[in-house]
């Protein structure tokens, strides 16, 4: 009887420790996600040699990346079909 009570108590303590550890990881996840987002956002300031899909362009100037063309109607780069 005494051994089963000890095992039950040890199991509850172990369950508490596991739940606490997973909860603390969940609290850190949004913070890590924001840090990663802003770290990637720093690279967006660099100028590219060509323009990607949906970037503004001037028709006839060939500013878009390969396999893309500047739309005369919308004035942005789109996939060449």
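From the backbone N, Cα and C atoms, a Cβ is placed for every residue, glycine too.
Here the structure is a predicted model, which means the values were calculated and not measured.
For residue 50 (disulfide bond), the count of additional Cβ atoms within 10 Å of its Cβ stands at 13 [all protein chains shown]. The disulfide bond annotation in Swiss-Prot covers 50-65 (among others) and is backed by experimental evidence.
Annotation source Swiss-Prot lists disulfide bond at 57-70 (among others). Residue 57 (disulfide bond) has a Cβ environment of 21 other Cβ atoms inside 10 Å. Taken residue by residue with DSSP, residue 57 (disulfide bond) is part of neither helix nor strand, so it is coil.
The 10 Å shell around the Cβ of residue 64 (disulfide bond) contains 21 further Cβ atoms across the protein chains shown. Marked as disulfide bond by Swiss-Prot: 64-77 (among others).
If you look up Swiss-Prot, you'll see 1-21 marked as signal peptide. Tertiary proximity for the signal peptide (1-21), restricted to same-chain residues at least six positions away from its ends with a CB under 8 Å from its CB atoms, involves no residues.
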Integer Å distance between the CA atoms belonging to residue 70 (disulfide bond) and residue 77 (disulfide bond): 4
Assigned conformation of residue 77 (disulfide bond) - DSSP reduced to three states: strand
Structural state of residue 50 (disulfide bond), classified by DSSP into three states: coil
Least buried by Cβ count (within 10 Å) of the disulfide-bonded residues 65, 70, 77: 65
